[in-house]
Amino acid sequence: MCGILAYYAQAGVKLRQLEAGLLPLRSRGPDGAGLWLNSDQTLGLAHSRLATRDLKNGQQPLHAPEGLSLVINGELYGVEALRQELSAQGFRFQTLSDSEVALALYARDGLDFFKQLRGEFALILWDQPRQRLIAARDRFGIKPLVYHQAADSLVLASKAAALKACGLSLEWDLLNLAQISCLQYPLPDRSLFKGVYSLPPGHFLLWEDQRLQIAPYWEMDYPERSELKFETAEPLIQELREILTEAVSLRLAADYPVSSYLSAGLDSSLITALRGDLQTPAFCVGFPGWEGDESGLAQETAQALGLPLETLSLNHELLLSELAQTALVTEGLAINAHVTARYLLCRKIQALGYKIMLTGEGADELFGGYAHLIEDLYPGTGSRELQGMHLPLGPPLALPLLEAELGTLPTFIQAKASLGARLRSLLSPDFRASVSLPEIQQTLLQYLPVEQMRKWHPFHRSTWLWSKLALAGYILPTVGDGAEMAAGIESRLPFLDTRLFERVRTVAPEQLVQPGRDKALLREVARPFLPEMVLKRSKAPFLAPSLLSENLQKTPQSWYELLEVFFPDPLPAFIDRAALHQRLQVLALADPSAHQAWEPPLMLLASVCALERQLIGPSEGMK
């Protein structure tokens, strides 16, 4: 996986602009860089390479005799048959890279070529004869792609920092911040920055004749509730085992050893078991002395599977020291230090010489692992321990428009609305008044296929919303790609394989999850590969210890220290300084149990402050 950049300008593009734009992407691709300008120098492509396959000849941009040029970030799977088919039809491949297959598919199929791509990817393709620029993202949004359009130019990149390096000044997108202040997650097609948009998952961008079009090539959808039926268990389990095993096997293709994360949970344990390499260690993070530390259980699992485990032990001071850097490299707003923990773990993985990790992300979305999804399916079964994160804690913001359109509010929406009530109390009155709650709801509703969603099972409605907002807006870009690629680590996600999703989407939710047993069906799929102790463990979210609680409990005056570290002057104008100071004073005197509700909103604002200091600001302007 890599960093990619494209810059189109009628007035012309200079190599130094591409070189500048590539600098913030070098951590994504430390193994090489490629720059290219078209013949009239109106279009430039740039690529920073993380070499994992075809190490000798896989440099990008890739070119085809038809006047096509491509940069791609990610991995494509199952391309061998396509390569043979395309070769037989006359396409002459120059490399063994999976990426070149995308170029050949476009040469043959035009804009229909996206539908045959299976994997994690973001790509940009220039068609010189048609003077057409095309970009696309994978179906779930695993790999990022942002863009900015001006009157006579278009620039696209893996990170907003690359756009700034090309000359774009970055300002806060206040509409998107209003959405985040209400429900934590950004709108599906917007970034944190004004005028910088995120290409939605499963969509492509077409720039032709100075016109920009965005359209879906794939959409995540489900059968109508009336069409769902229970299936005979054993054939279904066997079929899912075969699909998941293939998804893992495809993601082992590399010229380097492929490792995996290993927590105490089902998902990473199953992926690690299916990986099958007993020489390459798995990796986990530990928090010694914290009640939520799972590293000991991960070690037991590794021993049961017969493979080595590398554990990175982290403490409060180390997490705190890297908090601001994490915000910068991920360009995201974290609600817990788990993002910093993932970033530091990936730095250790990279230092030990590994580049490729299999992860368990996506299993909870497909198979029903989250407490809020289970609560939607079986009301009253949620764990109090997850209040404030996945389940509501405290009075929520009123969202009558969303509730009226959806029929019922998913539990996670209620949880985020209760977080939003706390978060908005720390924001300035002017900011809160600038975008009203009805406006926020109406804006979000524009993204939802409401008529279609009403026909789905409530579990599927919740899963769809969670996948579009939380998975694509936080888990994948911030906890995942943002933290990992900042350390030069490529992650591959078997549970978000297209073929697996298409099969699971038709399974009745009551067959996926049983009362008191999350991911019941997946546990049966995993039974031949994992010990009983893992099969019996309940889902636990990946979290780090509270940095705020640790800081507040140090000394009676520690809230002043917390202000200095988390919220140094000058604060962004939309944060209410007096309200923030008052809240920290109250928390400093409160029982630590009271900190649970305030950790997410305060951590989120700490990320905002870190980005304000390091990324927000003027530039020289597009040249």
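Residue numbers in this text run from 1 along the chain shown.
Backbone N, Cα and C define each Cβ position, glycine as well.
The local packing around C2 (active site, for GATase activity), expressed as other Cβ atoms within 10 Å of its Cβ over all shown chains, amounts to 29. Taken from TrEMBL, the feature active site, for GATase activity applies to C2.
Long-range neighbours of D98 (L-glutamine binding site) (same chain, six or more residues apart, CB within less than 8 Å of its CB): R53, E75, L76, Y77, V79, G119, A253. For D98, the entry in TrEMBL reads L-glutamine binding site.
The ATP binding site annotation in TrEMBL covers V285. For V285 (ATP binding site), the number of other Cβ atoms no farther than 10 Å from its own Cβ, over all displayed protein chains, is 23.
The annotation domain 'Glutamine amidotransferase type-2' is assigned in TrEMBL to 2-210.
Other Cβ atoms within 10 Å of the Cβ of E361 (site 'Important for beta-aspartyl-AMP intermediate formation'), summed over all protein chains shown, number 23. Sequence annotations record features per position, and here TrEMBL assigns site 'Important for beta-aspartyl-AMP intermediate formation' to E361.
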Task: Integer Å distance between the CA atoms belonging to V285 (ATP binding site) and E361 (site 'Important for beta-aspartyl-AMP intermediate formation') - done: 16
Open item on the list: Tell me the Cα distance separating C2 (active site, for GATase activity) from V285 (ATP binding site), rounded to the nearest angstrom.
Closed with: 25
